[in-house]
Amino acid sequence: MKKIVVAIDGPAGAGKSTISKLVAQKLGIEYIDTGAMYRAVTLKIIRNKIDVSDDVTLEKMLNSTEITLENGKVYLDGEDVSTEIRQLYVSGRVSEIAAKQVVRDRLVELQRKMALSKNVIMDGRDIGTVVLKDANYKIYLTASVEERAARRYKEFCQQNSSVTFQEICNDIKERDRIDMNRSYNPLVKAEDAILIDTTGKSIDEVVDEILLIIKNN
Ligand code: C5P
């Protein structure tokens with residue numbers, strides 16, 4: 001059977017993780033959320049008040065950090081941090097930390113190991129361009145900023161969070177700005193990725209579109 005390696009990239013709130021999870025379920029393959037890994041590292045840096053301008057300390061910390069993704073949960077050094085890493089105070093620092101080469105090199109190495117000799121769907125910002133350059137399916141998911149912020153706002157409201165729509169909108173815009181403009185492995189559409197604009201589309205529609213791409217190629 002042909003190996004299935006799917007790379008999903010795109011800006012914040014484009015629906016990457018929800019859609020990737022569903023595609024993974026339908027195909028019976030593993031889903032790897034690389035954003036969760038950058039978030040877990042960010043949480044550890046915040047908690048330990050690590051100076052991110054000090055690459056030596058950062059590298060030491062990264063080498064002694066264990067991040068595992070299991071049954072939809074994210075573990076940082078054995079602790080379930082799935083909920084905490086989604087909080088706005090983590091989102092507000094993650095792009096600054098993800099722009100650091102020492103952080104990216106370590107996480108890319110881990111991500112490649114996780115995907116080794118498996119059928120996977122992996123989502124992030126540099127999957128089709130860096131992590132899994134040889135993926136046989138590459139998708140770039142996007143949507144208007146307003147729609148992406150509205151989706152995130154709905155998620156936060158469901159968790160009874162007091163975050164405002166404006167705060168979410170600002171977070172998304174700022175993360176996109178940093179992610180797209182960093183010098184090392186910025187967010188760009190891979191030349192061979194298929195662009196899907198999810199504005200106005202339902203989750204199921206996009207999932208079906210991706211499944212069709214995989215079936216037909
Ligand atoms: O996917 P999510 O929005 O949770 O990712 C959080 C942040 O992690 C992004 O805004 C980006 O700064 C960083 N990230 C990255 N490369 C990836 C995945 C996420 O730089 N492959």
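Placed from the backbone N, Cα and C atoms, the Cβ positions cover glycine too.
Those TrEMBL annotations? Automatic predictions, nothing curated.
Taken from TrEMBL, the feature domain 'Cytidylate kinase' applies to 6-215.
What TrEMBL records for Gly10, Pro11, Ala12, Gly13, Ala14, Gly15, Lys16, Ser17, Thr18 is ATP binding site. In the three-state DSSP scheme, Thr18 (ATP binding site) is classed as helix. Within its own chain, Thr18 (ATP binding site) has Ile203 as residues 6 or more apart in sequence whose C-beta sits under 8 angstroms from its own.
The Cβ of Gly10 (ATP binding site) has 27 neighbouring Cβ atoms from other residues within 10 Å, across all protein chains displayed. With respect to Cβ neighbours within 10 Å, the binding-site residues Ala12, Ala14 differ, and Ala12 shows the lowest count. Only Ala12 of the binding-site residues listed as Gly10, Ala12, Ala14, Thr18 bring a Cβ under 6 Å of any atom of ligand 1; the order follows the sequence. Close to the recorded ATP site, the chain also has Ile19, Asp123, Leu141, Ala143, Arg148: residues not among Gly10, Pro11, Ala12, Gly13, Ala14, Gly15, Lys16, Ser17, Thr18 whose Cβ is within 8 Å of the site's Cβ mean position.
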